[in-house]
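Trainee: Copied straight from Swiss-Prot:
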- 151, 152, 153, 154, 155, 156, 157, 158: ATP binding site (BINDING)
- 47-56: compositional bias 'Acidic residues' (COMPBIAS)
- 1-100: region 'Disordered' (REGION)
- 465-485: transmembrane segment (TRANSMEM)
- 495-515: transmembrane segment (TRANSMEM)
- 532-552: transmembrane segment (TRANSMEM)
- 575-595: transmembrane segment (TRANSMEM)
- 600-620: transmembrane segment (TRANSMEM)
- 689-709: transmembrane segment (TRANSMEM)
């Protein structure tokens with residue numbers, strides 16, 4: 001208590017300033033809040049040699065004599081010599097590592113101000129747009145500052161963030177106004193960045209490669225300019241030590257940790273040098289050390305002039321001290337907006353002062369999270385050494401109403417409205433698009449990136465090639481030495497059927513890699529870094545070398561081990577036919593994966609489809625003998641196995657002659673009629689190849705429709721929703 005007493009000039013007891021509900025708080029607890037206007041004392045990290053004792057630079061908005069708004073450097077204070085002041089109620093903040101530390105020079109502001117007034121967001125419920133997720137929210141954010149939207153789960157944090165960024169889903173409707181630099185103009189491409197809670201990274205690329213390809217996809221201009229932007233993003237997010245490290249690692253090296261991956265996701269948006277950066281849960285799944293490092297890095301980014309707005313569930317005391325302003329939400333209602341220290345005073349005035357040894361964010365969530373009521377009910381007979389289990393002895397719903405009413409009648413709410421009026425009374429600089437890379441450039445970048453990823457993904461590509469070789473060797477040894485007699489026709493037909501069917505079925509092993517590509521596309525498309533056509537064309541061109549390598553290696557082994565006709569032109573047709581078969585199969589897998597977006601359901605569906613196509617391919621029963629409904633129409637005609645096998649058999653038997661006895665002979669077409677139905681036309685095999693080519697493009701056209709118009713959202717969304725319901729019921 002001696003240390004607390006020594007800080008009496010900066011702190012006062014909440015019992016002397018709180019409103020009447022303070023009586024509900026046990027007297028055995030001591031609560032202290034900072035006096036308004038007192039300076040923030042940063043913590044020193046004496047045990048960390050990487051952080052120097054630098055002054056804490058606080059960027060805040062002040063009114064000048066001329067009535068304008070300006071960003072001024074606040075008074076800097078020396079670093080506290082110890083961590084003990086954290087326990088005395090001081091909102092501690094670690095020093096921000098900057099290039100010009102200690103010089104007191106404020107960097108040029110390149111951000112943009114954003115303000116929102118009476119912002120309400122509704123979602124489609126039982127009645128159209130009946131569920132209000134965000135209710136009449138007001139707030140603002142300045143360049144060079146960090147504004148955090150805090151609240152419990154399902155409080156409307158992410159919805160408010162998406163509304164500010166203009167990224168609400170079609171099922172949501174927004175009311176109210178959002179101003180950027182004083183005007184209601186839409187933020188163009190490249191003027192802002194948005195980082196999702198969970199982003200998909202490419203594990204087989206290094207950090208520098210990943211950011212460089214992202215810059216090539218996003219930015220126009222010359223290569224050397226993009227390299228400079230990438231290096232700036234790496235420096236800004238403190239990724240220099242990991243720049244040449246694979247994101248996902250490999251057999252002999254671990255990949256990046258969750259905190260480092262999160263910083264890479266943010267760095268990807270920084271290559272556009274946005275004025276405003278929106279981040280959904282930057283501390284998601286991060287431990288305390290990674291969380292603190294993340295926030296210090298973001299603080300450094302804010303000091304460069306960028307406007308940061310992000311959501312957060314809870315934070316430690318050190319992290320909380322880094323925030324400039326806080327928007328506290330509960331059930332869509334704004335319980336407070338203002339500076340972080342003023343939020344502590346607000347809770348104290350409402351009768352819920354923060355205990356000395358408790359993190360402010362934990363205290364806020366305890367007071368406004370209704371889930372704690374169930375825990376208190378379960379533990380109502382439990383008491384700690386000081387008496388009560390909880391410091392807030394009030395029903396959460398009552399606490400929320402008290403905090404909301406206190407805020408609406410406070411000077412903080414009036415100051416927010418006054419600042420919004422001041423920010424919107426005149427229009428500032430309009431944000432302009434910085435341009436984007438052309439479609440041809442994006443296709444070339446995605447193609448080259450796909451080739452690089454395939455060359456490094458041994459688990460999904462090279463292992464798949466090995467499996468194809470093992471399968472082909474197995475089939476080749478099983479059907480070796482057949483000869484060219486009439487008696488070997490049935491066995492040769494079976495060998496071709498087994499080769500095409502089983503090789504296509506084995507291609508399902510590539511589903512995980514395709515799902516990763518779809519997730520990467522969705523992540524890039526959400527920020528307009530890529531498009532459906534560009535993605536499909538780049539993926540198609542990038543997969544051609546790998547699929548052709550598999551087709552030529554497997555075809556050569558099978559062709560010579562089984563002993564098919566010794567003719568180079570026939571061999572080339574065999575290779576091309578099987579290559580087209582793999583292209584169709586890849587398109588089918590991409591189509592199914594795009595529908596489900598789940599490994600289990602995609603694999604199950606593909607296996608079922610392949611089995612049906614194999615049954616209708618004409619080997620187990622000739623196509624003319626198949627039942628007309630279902631099996632002939634449509635299965636026999638939509639099965640790509642049918643056209644591939646038919647073309648390969650026409651390639652093998654048309655023009656061939658078999659001797660029957662010593663004087664009689666029959667054509668290859670006549671010899672195969674009892675085993676498989678083919679056409680006697682010598683050009684029929686090329687028609688079958690054209691059908692395969694059309695199917696390869698047809699499946700990708702269906703994928704384009706799904707990606708472009710989002711027709712798969714309802715199917716996959718319902719599946720995931722039912723899956724979550726089943727898990728919750730368990």
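Glycine too: its Cβ is placed from the backbone N, Cα and C atoms.
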Trainee: Near the transmembrane segment (600-620), which same-chain residues lie under 8 Å Cβ to Cβ, leaving out any that are not at least 6 residues past its ends?
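Mentor: Result: 493-494, 497, 501, 504-505, 508, 511, 515, 588-589, 592-593, 626, 631-632, 635-636, 638-642, 645-646, 676-677, 719.
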Trainee: Which of 532-552, 575-595, 689-709 has the most Cβ pairs closer than 8 Å to the transmembrane segment (465-485)?
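Mentor: By the under-8 Å Cβ criterion, the transmembrane segment (465-485) pairs most with 532-552.
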Trainee: Enumerate same-chain residues with a sequence separation of six or more from residue 158 (ATP binding site) and a Cβ-Cβ distance below 8 A; give 'none' if the list is empty.
Mentor: 197, 280, 281, 311
Trainee: Mind checking which residues of the chain, 6+ beyond the ends of the transmembrane segment (575-595), have their Cβ under 8 Å from one of its Cβ atoms?
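Mentor: Residues 500, 503-504, 507-508, 510-511, 514-515, 518, 539, 543-544, 547-548, 550-552, 554-556, 602, 605-606, 609, 640-641, 644, 647-648, 651, 685, 688-689, 692-693, 695-700, 702-703, 706-707, 712, 715-716.
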Trainee: For the transmembrane segment (689-709), give me same-chain residues lying six or more residues beyond its boundaries with a C-beta closer than 8 angstroms to one of its C-beta atoms, as numbers and ranges.
Mentor: 521, 525, 532-533, 535-536, 540, 573, 576-577, 580-581, 583-584, 586-588, 590-591, 594-595, 640, 643-644, 647
Trainee: Setting 151, 152, 153, 154, 155, 156, 157, 158 aside, what same-chain residues sit with their Cβ within 8 Å of the center of the Cβ atoms that define the ATP site, listed in sequence order?
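Mentor: The surrounding set, listed in chain order, is 311, 313, 329, 330.
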Trainee: Within 10 Å of each Cβ, count the other Cβ atoms, then let me know which of the binding-site residues 151, 152, 156 comes out lowest.
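Mentor: Selected from the binding-site residues 151, 152, 156 on minimum Cβ neighbours within 10 Å: 152.
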Trainee: With an 8 Å cut-off on Cβ-Cβ distance and a minimum sequence separation of at least 6, pull the same-chain contacts of residue 155 (ATP binding site), or say none.
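Mentor: Same-chain residues close to residue 155 (ATP binding site) (Cβ under 8 Å, separated by 6 or more) are 329, 330, 331, 332, 368.
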Trainee: Among all protein chains shown, how many Cβ atoms are found within 10 Å of the Cβ of residue 154 (ATP binding site), not counting that one?
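Mentor: The answer is 14 other Cβ atoms.
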Trainee: 153, 157: which of these binding-site residues has the sparsest Cβ neighbourhood within 10 Å?
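Mentor: Counting other Cβ atoms within 10 Å of each of the binding-site residues 153, 157 gives the minimum at 153.
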Trainee: Specify the secondary structure state of residue 152 (ATP binding site) as given by DSSP, simplified to three classes.
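Mentor: In the DSSP reduction, residue 152 (ATP binding site) maps to coil.
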